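Feature annotations, reproduced from TrEMBL:
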- 55, 56, 57, 58, 59, 60, 70, 71, 77, 99, 134, 135, 179, 189: FMN binding site (BINDING)
- 60, 117, 121, 125, 185, 186, 187: substrate binding site (BINDING)
- 34-146: domain 'Pyridoxamine 5'-phosphate oxidase N-terminal' (DOMAIN)
- 166-206: domain 'Pyridoxine 5'-phosphate oxidase dimerisation C-terminal' (DOMAIN)
Ligand SMILES: Cc1cc2nc3c(=O)[nH]c(=O)nc-3n(C[C@H](O)[C@H](O)[C@H](O)COP(=O)(O)O)c2cc1C
């Protein structure tokens, strides 16, 4: 592991009362750097059988105090979330030597919010969303391409219909840990834990 030297110490006295404010600062720092996907986060879900599963999704902003992302509700993650709303999220920004870990529960966003976002996306993304039966096995690449071509033809002169199986989730956090690398191995870890509607800040050993 590299020596982390970029950041001043992360002190309890510097922390805002709610984690959202600090996360917004850290996200803004990441977005300001030349990074491929500064809003990429790992989303871990747990299926009805207790098996965990993780993949990257893109953070698409806050809804109330939750973190949103968009996906196919019938995908592997969608099926997991229908059975178990508990999730974990992880951001890692190597250039900033910072990690944020979040635990919470995911709820579907209101359909009107998802629909609004769907129509802000470029047409190719809309066509991709209606075409892909995300996470299912497909026999060949050609089958997928043919389905996309058919949808392109079908909606050539028309609005792409909003798919009922697609939309956003909002993750309401109950735990948010801010990790920052420091010289040596004693990195800073400060976590916000939700208790009776307010946030408690605790330092964790690295
Ligand atoms: C950088 C990056 C961003 C991604 N963003 C999303 C996203 O916002 N939503 C999504 O459904 N999949 C996204 N994916 C694809 C997922 O990682 C994953 O392959 C897909 O959602 C299917 O996951 P599942 O089968 O576990 O449901 C992204 C992948 C990468 C590498």
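Even glycines carry a Cβ here, placed using N, Cα and C.
Structure coloured by features recorded in TrEMBL.
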{"residue": "55", "record": "FMN binding site", "DSSP class": "strand"}
{"residue": "60", "record": "substrate binding site", "DSSP class": "coil"}
{"residue": "70", "record": "FMN binding site", "DSSP class": "strand"}
{"residue": "77", "record": "FMN binding site", "DSSP class": "helix"}
{"residue": "121", "record": "substrate binding site", "DSSP class": "coil"}
{"residue": "134", "record": "FMN binding site", "DSSP class": "coil"}
{"residue": "179", "record": "FMN binding site", "DSSP class": "strand"}
{"residue": "186", "record": "substrate binding site", "DSSP class": "coil"}
| Under a threshold of 6 Å between Cβ and any atom of ligand 1, which of the binding-site residues 60, 117, 125, 186 are retained? | none
| note | Candidates 70, 134, 179 (binding-site residues); nearest Cα to residue 60 (substrate binding site) turns out to be 70
| message | Using a 10 Å cut-off on Cβ-Cβ distances across all protein chains shown, tell me which of the binding-site residues (55, 187) has the largest neighbour count. | response | 187
| task | Can you tell me which binding-site residues out of 55, 57, 59, 70, 134 are within 10 A of residue 117 (substrate binding site) by Cα, answering none if there aren't any? | result | 70
| query | What whole-number distance in angstrom separates the two most remote CA atoms of the substrate-binding residues 60, 117, 121, 125, 185, 186, 187? | reply | 43
| At the Cα level, what's the spacing in Å between residue 70 (FMN binding site) and residue 187 (substrate binding site), rounded? | 33
